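> My structure is below; once you've seen it, I'll send some questions.
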Amino acid sequence: MSTQLQHARDGTVTDAMRRVADREGRDPEVVREAVADGHAVIPANHHHDALDPMIIGRDFATKVNANIGNSDTTGDIDDELEKLHTAVHYGADTVMDLSTGENLDGIRTANIDNSPVPVGTVPIYEAVTRVEDVTDITPDLLIDVVEKQAKQGVDYMTLHAGVLAEHLPLTDDRTTGIVSRGGSILSQWMTEHGEQNPLYTHYDELCEILQAHDVTISLGDGLRPGSVADASDDAQFAELDTLGELTRRAWDHGVQAMVEGPGHVPMDQIRANVDRQQEVCDGAPFYVLGPLVTDIAPGYDHITSAIGATEAARAGAAMLCYVTPKEHLGLPDAEDVRDGMAAYRIAAHAGDVAAGKPGARDWDDALSEARYNFDWNRQFDLALDPERAQAFHDQTLPGDNYKDARFCSMCGVDFCSMRIDQDARDAGDDADDMTELTTETDLSESAAAEVNRPPTGTHDAPAAEQAPSPGDDDDD
């Protein structure tokens, strides 16, 4: 079967492209051209029946990925489906199952069966769980894992194929060395075997598998900087040059490709990083982790990274990988997922507003109008997180009568600036101008993409009892 890239190059507008066009408020032909040029991807495995197609590309609304998954100490199917539900409910455009513990197949298939958004994985994690030692990994094992996950319905896979043996000495003087799990695993394998990265040497064979199932390749940045001290160094950019080569080779196989990026980057270097990736990788979508702009705030890295993510989105990054408050500290739970998603939906939206994406500011205007009109219920409805917005308001003013009040508990009755301003205008010569100030933006007519209009996400809680049992896991 052909991939979305091959269909696009043949001039065919697929059903997935039409659905994407509707969600983005764009012409289907614009979508087809972006996919054909490699400037956008539609991760849509032929076997993912629950998928509602979406698009990742710099000319479209900025997307957000949420990482979920268990570890060797936590998590079962019910826990993971709760994280999936939380992530999608609060606006995740894709999720990555990064499980490294037990029941990998059961968790992965449950996520795919229940997820309306694309599901990504890092296949080398499963490979590690199937051997006694990292050095026991073989090219055949990696190929087997990739093929199995492709058949299960995984929509995109991170492959750290650009980490080459000759790059490793470039990391010797780093402050934090190699911080990518995939990158460190492959570094150990290459060092102990004295051989080249098997994902690189067997890349063409892997691409043939991905093409057969239309799995998008997400070229992992195994040498991304793990501290601002290591940002934009020779190791990072040597790998990036290889990722540019691998992007073009994926396209030659008809495989959709996006490229992953840092990491930890000072604010003043972010735009240059985005521009460099776009040039080296011929405009392939850039998928960035953060980046964190400072390293001083464990427990608040959803904030330090959302700052960098906003600038990355403004500069042209196509998708942001969220960071939760638990980053560098522990495995996130459902509440951490909620906080991470809020930070990154804000970052993506703010980046789109700053970049002038069509209709992106309409949501802001609608909420500002409701705020000025003291329409509390509409403010809650339009909020990024309606439940939290109303809960915070109702902590101090819980009564229904306060939903008609022209103040909140921040300023009280006498010091509300908007009430004072309205009263002054009503009493003055420009009272007729109030009509202009209280017009209401019609979001149903907005040109904004779906992700830049409320609600941010809706998702029925998955039926955990229908998920595969732990006994179904092939990895045990």
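The backbone N, Cα and C atoms fix where each Cβ goes, and this holds for glycine too.
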> Given that Swiss-Prot lists ASN67, MET96, HIS160, SER180, ARG181, GLY182, ASP221, GLY222, LEU223, ARG224, GLU260, TYR287 as binding substrate, which residue among TYR125, TYR203, TYR300 does it place in the same site?
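The record-listed residue among the candidates is TYR125.
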> What does the structure give for the C-alpha distance between HIS328 (Zn(2+) binding site) and SER180 (substrate binding site)? Integer Å is fine.
12
> If we count other C-beta atoms within 10 Å, could you say which of the binding-site residues GLY182, GLY222 has the fewest?
GLY182
> Using the Cβ center of CYS408, CYS411, CYS416 as the [4Fe-4S] cluster site position, which other residues in that chain lie within 8 Å, going by their Cβ?
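So the additional residues around the site are PHE407, SER409, MET410, GLY412, VAL413, PHE415, SER417, MET418, ARG419.
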> Mind checking how the region 'Disordered' (1-27) divides into helix, strand and coil residues in DSSP?
16 helix, 0 strand, 11 coil
> Quick one: largest C-alpha distance among ASN67, MET96, TYR125, HIS160, SER180, ARG181, GLY182, ASP221, GLY222, LEU223, ARG224, GLU260, TYR287, binding substrate per the record, in angstrom?
20
> Of ARG224, HIS264, HIS328, the binding-site residues given in the record, which has the fewest other CB atoms within 10 A of its CB?
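Taking ARG224, HIS264, HIS328 as the binding-site residues, the minimal 10 Å Cβ count falls on HIS328.
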